[in-house]
Amino acid sequence: MAGQGKPQIQFKLVLVGDGGTGKTTFMKRHLTGEFEKEYVATLGVEVHTLVFHTNRGPIKFNVWDTAGQEKFGGLRDGYYIQAQCAIIMFDVTSRVTYKNVPSWHKDLVRVCENIPIVLCGNKVDIKDMKVKAKPILFHRKKNLQYYDISAKSNYNFEKPFFWLARKLIGDPNLEFVAMPALAPPEVVMDPALAAQYEHDLEVAQTTALPDEEDDL
């Protein structure tokens, strides 16, 4: 009974990016989050409650998903207000979704200012990548964390949440003590492909940033 009454640690996380980048698919991988989602009609968003079990106790991310309304223009400020962290997603098979990352970032920091942000390149299970590791520079210029992910194969699903949890709690020793229950993978991530991407990212991190003042 000692733990009763102890408030659960929770954070509002906003998930942004162009339509079709796989944001909703990504959220639906987490089974309890899909079961417990709520629809906020006034803002036209779905809020998925994702719980991760850590050595510091359970951490809950209330993930706000746009429910596709970004296709009709920018999101209203109410979507971003009081967000404590964010994930910006693009599709590695679509250059335009990466080119739009700076505008999503700009909207985020205009309302939320200094919150931890993870940039995710989704669909790395598809071999026909249009956005390779070397040109992905935006996160380095803006001091964001970056992960390759594949929502359909569950590849690196927990990584963005793990990094954000450590940042938000302020504990570099925080660990997940159990993996979340995820939907079975729809595709299998080729281990050799994953290893190649990880190697490419490591090499890209050591490459000097270009001098020009280009957003990307």
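For all residues, glycine too, the Cβ spot is worked out from N, Cα and C.
What Swiss-Prot records for 17-24, 65-69, 122-125 is GTP binding site. Neighbours of Val124 (GTP binding site), defined as other CB atoms within 10 A of its CB across all chains, total 25.
Annotated ubiquitin cross-link per Swiss-Prot: Lys71, in sequence order, evidence recorded as similarity to another entry.
Look at Swiss-Prot and you will find Lys71 (among others) tagged as SUMO2 cross-link, backed by similarity to another entry.
For Lys152 (SUMO2 cross-link), the same-chain residues lying six or more positions away in sequence with a CB closer than 8 A to its CB are Gly22, Thr25, Lys123, Asp125, Pro185, Glu186, Val187. Here Swiss-Prot flags Lys152 (among others) as SUMO2 cross-link, drawing on similarity to another entry.
The domain 'Small GTPase Ran-type' annotation in Swiss-Prot covers 7-171 and rests on sequence analysis.
All protein chains shown were included, and the count of other CB atoms within 10 Å of the CB of Thr24 (phosphothreonine) stands at 18. Annotation source Swiss-Prot lists phosphothreonine at Thr24, citing similarity to another entry.
Taken residue by residue with DSSP, Lys60 (N6-acetyllysine) is part of a strand. All protein chains considered, the CB of Lys60 (N6-acetyllysine) has 16 other CB atoms within 10 Å. Among the features that Swiss-Prot reports, N6-acetyllysine is placed at Lys60 (among others), with the record citing similarity to another entry.
Among the features that Swiss-Prot reports, N6-acetyllysine is placed at Lys71 (among others).
Counting every protein chain shown, the Cβ of Lys99 (N6-acetyllysine) has 15 other Cβ atoms within 10 Å. Swiss-Prot lists Lys99 (among others) with the feature N6-acetyllysine.
Residues annotated as N6-acetyllysine in Swiss-Prot: Lys134 (among others).
For Lys159 (N6-acetyllysine), the count of additional Cβ atoms within 10 Å of its Cβ stands at 16 [all protein chains shown]. Residues or ranges marked as N6-acetyllysine in Swiss-Prot (evidence: similarity to another entry): Lys159 (among others).
Break the region 'Switch-I' (37-45) down by DSSP state and the numbers are 0 helix, 4 strand, 5 coil. Taken from Swiss-Prot, the feature region 'Switch-I' applies to 37-45.
Residues or ranges marked as region 'Switch-II' in Swiss-Prot (evidence: sequence analysis): 68-84.
Listed binding-site residues: Gly17, Gly20. The one with the lowest count of other Cβ atoms within 10 Å of its Cβ is Gly20. Packing around Thr66 (GTP binding site) is summarised by its Cβ count: 20 other Cβ atoms lie within 10 angstroms of its Cβ, all protein chains included. A coil conformation is recorded for Val124 (GTP binding site) in the three-state DSSP classification, outside any helix or strand. Comparing Gly20 (GTP binding site) with Lys99 (N6-acetyllysine), their Cα atoms are 14 Å apart once rounded. Separation of the C-alpha atoms of Lys60 (N6-acetyllysine) and Val124 (GTP binding site): 27 Å, rounded to the nearest whole number.
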